[in-house]
Structures are given as C-alpha cells and as structure tokens.
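Enquirer: Supplied in structure tokens, the structure appears directly below.
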Amino acid sequence: MSFTDGIPEVEKLGGKQQEDYKHEKFPHFEKNLSSLSQLKRHINIHTDEKPFCCSDCGKSFSQLGSLKLHQRIHTGEKLFCCSDCGKSFIRSSHLISHQRLHTGEKPFSCSDCGKSFSQFGHLKFHQRVHTGEKPNSCSECGKCFSRLNDLKVHQRIHSGDKPYSCSDCGKCFIRLSYLISHQRLHTGEKPFSCSDCGKKKSNSCSECGKCFSRLNDLKVHQRIHSGDKPFSCSDCGKSFSQLGNLKLHQRIHTGEKPYSCSDCGKSFFQLGHLKVHQRLHTGEKPYSCSDCGKCFIRSSDLTSHQRLHTGEKPFSCSDCGKSFFRLGDLKSHQRIHTGEKPYSCSDCGKCFSQLGNLKFHQRIHTGEKPYSCSDCGKCFSQLGSLKRHQRVHTGEMPYSCSDCGKFFIRSSHLRIHTGEKPYSCSDCGKCFSQLRGLKRHQRFHTGHLTLELPFSDIGDVLQHNSQYNGWL
C-alpha cells in the first residue's frame with residue numbers, strides 16, 4: 001500500500017472519522033497535520049511527487065505555494081519592498097535577510113569560531129571550513145567544492161563556457177565579477193571613494209604606483225612589498241602570498257595533475273601549462289620579436305630572446321660576476337660554485353647539475369635516439385648531434401679560420417686547426433681545446449680514473465683520437 005492509497009475516499013468522511021483514519025493509517029507521523037490537505041502536501045515530500053508544473057519553463061513543484069513563488073521569476077513580480085532603500089524581492093524571507101544589511105544584525109553565529117552571519121545559509125557554508133566538508137565534486141576531474149556555485153564555475157574550465165562577454169571588445173569571462181572588473185578598463189570607472197572627502201580614486205599601490213581595477217587585487221599586490229605570506233603549506237611549511245598559489249603548490253605533494261592534453265595525454269598541474277603545451281601540437285607561436293620576427297610559444301621566451309638584441313643580462317652571479325640573460329641560466333651556473341648536483345641517474349647513480357644533462361645521459365642506458373636525419377634516417381640521442389650531422393648533407397661549414405679562410409663543420413675542429421686551447425687546468429695549468437679533454441685530464445689529479453662508454457657518433461671518435469696524446 002502506498003502513502004496516497006485511500007485518500008480520495010477518506011475525503012468524503014466526517015472530521016472525527018478523518019482524524020481516526022489518519023492515526024490508523026499513518027501512526028508513524030509525529031508531525032502535527034491539522035487537515036487532510038496538509039497531510040496530502042506533506043506526503044508529497046516522501047513520495048517525491050510534484051503535481052504542480054510551471055507553464056512557462058516546465059519546472060515541477062510538490063506544493064502549489066512553491067509554484068506561485070517560482071512564477072514570479074517569469075512575471076517579474078516583487079511584492080516585498082525594503083523601506084530603507086526601495087529594493088524589491090520575490091520572497092518575504094529574502095527581504096528579511098536583506099534588511100539585516102541596514103540593521104547590521106547577524107543572528108547566526110558559528111559555534112566553532114564565533115563568527116556571525118546575516119543569513120543561515122552563509123553560516124552553513126562557513127561551517128564547512130571547520131568540517132572540511134566538500135559535498136560538490138566535479139565529474140570531469142574529481143575536484144571537490146564546499147559550494148555548488150563554485151563547482152558550476154569550475155566546470156566551465158572543462159566545458160570552455162564563458163557566458164559573460166564584454167560589449168566593447170567581445171572578450172568573454174567565466175565569472176560575472178571578472179567581466180565587471182574588465183569593463184572598468186573601457187569606462188575608466190573608479191568605483192572606490194573616500195568617505196571623508198568623496199574623492200574617487202583607482203586602486204593604486206602607494207609603494208610603486210601600480211593601479212588595479214579591483215580592491216582585492218591591490219591588497220594581494222601589496223604583499224609583494226610587505227613580504228606578507230599568510231598561506232603556508234602543511235606538508236613542507238612553504239608560505240605563499242596568495243591562497244591560489246598555495247593550492248597549486250600542494251599538487252606537488254599530492255601529485256594531482258587535473259589538466260590533461262587531448263592529443264598526447266600528458267597531464268599538468270596548471271591549466272596555463274596545458275595551454276602552452278598544446279601550442280606544441282598546434283604550432284601556434286603567438287609572441288613575435290619586433291626586431292627579427294622570430295616567434296615564440298611563451299611570452300617569457302620572447303622576453304629572454306629580446307635581450308639578445310638589447311644585450312641586457314639582468315641576472316649576475318654574486319660569486320664571479322658573470323651575467324646571464326635568463327634566471328634559469330644563472331641558477332644552473334651557480335651550481336658550478338656550490339658543486340650541487342641535484343639530478344641523479346636511477347640506473348648508475350651518476351649525478352648532474354642540470355636536468356637536461358641527466359635526460360641526455362639516461363639515453364645511454366635506454367639506447368633512445370629520438371632525433372633522426374630526414375636525409376639518411378640516421379638517429380641521434382641529442383638534437384645538437386643531429387644538427388652537426390646534417391651539415392654532412394648540406395655542406396654547411398659555419399666555422400672559418402680568420403688567417404687562411406679554411407672552413408670547418410665544428411668549432412672544435414677549428415680550435416684544433418688554430419691551436420687554440422681555451423680550457424686550462426687549475427691544478428697544473430695545462431690547456432685543452434675541448435672541455436671534455438680538460439675533464440678527462442683532471443681525473444688524473446683527483447684519482448677518479450674511469451673507462452668511457454662507447455662514442456655516440458664518428459665525429460666524437462675522431463676528436464677523441466686526435467687529442468689522445470694531449471690528455472696526459
């Protein structure tokens with residue numbers, strides 16, 4: 001027997017008989033329902049029956065009153081008006097919540113930290129900070145959110161949906177707040193005014209003068225000057241000036257890589273890294289040099305390249321004074337002074353100061369030769385080796401002797417020809433034409449004599465043989 005069986009017949013009974021029927025058929029109901037119509041409405045909650053349907057959008061409701069409230073969305077009817085500011089609302093409960101903005105009343109307080117809220121819903125969301133509850137999960141990547149609206153906004157990352165577009169330039173945004181901030185670029189609006197003098201100003205930094213369209217962005221920026229980093233990682237203790245940066249950092253510990261490439265399957269910590277990676281597949285290079293026209297995938301690569309034209313080397317070594325175009329090059333160089341070799345081979349234990357050198361070395365163990373010659377099919381473990389090899393086919397000899405005009409395929413061949421030996425031993429002063437020769441020689445001072453692995457191409461063998469007598 002279902003909840004609703006027999007109700008149409010019992011409506012014909014008298015009041016006393018209806019009351020006896022309710023207690024006999026529904027003894028488990030503790031709720032005090034004074035009439036049979038209230039009982040029917042209440043039963044709809046349990047049966048999930050929604051007999052009242054909106055003629056405008058088709059949405060269904062379990063109670064007629066809920067339908068009537070909903071229809072005001074379509075009619076625009078707002079019966080409840082604020083006496084302080086004139087703003088109108090569809091529901092009386094919405095008006096009551098709104099009026100608390102004027103009165104400052106915050107009747108809902110958190111039992112954990114004492115923080116108060118004007119709306120009960122806001123308290124519920126806040127309490128999830130303490131409980132850690134995130135009931136709304138993304139079906140694409142599994143990321144969880146404490147609020148349903150945050151999940152909906154997040155899902156636009158996967159769908160690419162940007163519903164808010166600028167009427168001036170057509171740029172689209174995921175959030176309405178982003179659009180509103182963007183539009184201030186076109187209008188020049190400065191929405192923040194002084195309560196004392198009424199003067200309006202943009203959000204400008206008092207330290208450096210940089211301006212921001214949003215007050216919150218200015219506050220985040222000011223942490224650069226103050227050094228304030230209020231967000232710390234519970235795993236390693238590293239601190240950050242922005243919560244978003246902490247969340248990105250935590251993926252290093254969790255290994256989470258929610259953004260994957262649809263072309264090759266490679267995954268990334270950040271959406272921006274995925275977008276840059278996808279340019280490898282599309283061939284897109286949106287950043288071009290105004291001096292030579294060369295194009296780049298990343299804006300940072302263009303900035304580094306432009307220093308070749310300007311000669312600017314902003315990163316200098318505090319130990320030896322040598323300057324570099326890129327910060328990464330400086331960091332790699334500094335390992336010469338510190339002796340740090342953080343990258344070790346899992347096969348033989350050999351350590352390297354640069355990750356790229358480790359990757360090249362590992363190809364000795366794997367036998368991988370990913371670079372092949374389009375002319376003869378010969379494969380190489382390093383791109384530089386392929387480029388040198390291709391000169392055999394093209395006949396290119398880019399290195400010439402300034403004395404006799406003779407040309408060479410390799411710079412090392414030119415040094416052998418001229419007798420130049422730019423690499424000198426700090427222990428005995430002996431000089432070498434190649435860095436490799438110096439390193440081999442230095443093993444005689446340190447006592448670390450090792451057998452070399454086979455050479456990867458004939459050019460290396462020739463160079464090796466030509467300088468054999470110069471090692472000792």
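Just so you know, the numbers here start at 1 and follow the chain as drawn.
Backbone N, Cα and C atoms are what each Cβ position is placed from, and that goes for glycine too.
TrEMBL entries are annotated by machine, without manual review.
Grabbed the feature section from TrEMBL, which reads as follows:
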DOMAIN    52-79  domain 'C2H2-type'
DOMAIN    80-107  domain 'C2H2-type'
DOMAIN    108-135  domain 'C2H2-type'
DOMAIN    164-191  domain 'C2H2-type'
DOMAIN    203-230  domain 'C2H2-type'
DOMAIN    231-258  domain 'C2H2-type'
DOMAIN    259-286  domain 'C2H2-type'
DOMAIN    287-314  domain 'C2H2-type'
DOMAIN    315-342  domain 'C2H2-type'
DOMAIN    343-370  domain 'C2H2-type'
DOMAIN    371-398  domain 'C2H2-type'
DOMAIN    399-422  domain 'C2H2-type'
Enquirer: Going by DSSP assignments with H, G and I as helix and E and B as strand, what are the residue counts for the domain 'C2H2-type' (315-342)?
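Expert: Helix, strand and coil residues of the domain 'C2H2-type' (315-342) number 12 helix, 4 strand, 12 coil.
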Enquirer: Provide the three-state DSSP residue tally for the domain 'C2H2-type' (231-258): helix first, then strand, then coil.
Expert: 12 helix, 4 strand, 12 coil
Enquirer: I'd like the per-state residue tally for the domain 'C2H2-type' (259-286) from DSSP, helix first, then strand, then coil.
Expert: 12 helix, 4 strand, 12 coil
Enquirer: Per DSSP, how many helix, strand and coil residues does the domain 'C2H2-type' (371-398) have?
Expert: 12 helix, 4 strand, 12 coil
Enquirer: So if I exclude everything within five residues of the ends of the domain 'C2H2-type' (343-370), which remaining residues of that chain have a CB under 8 angstroms from its CBs? That is, six or more out.
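Expert: For the domain 'C2H2-type' (343-370), the list is 332, 335-336, 379-382, 453.
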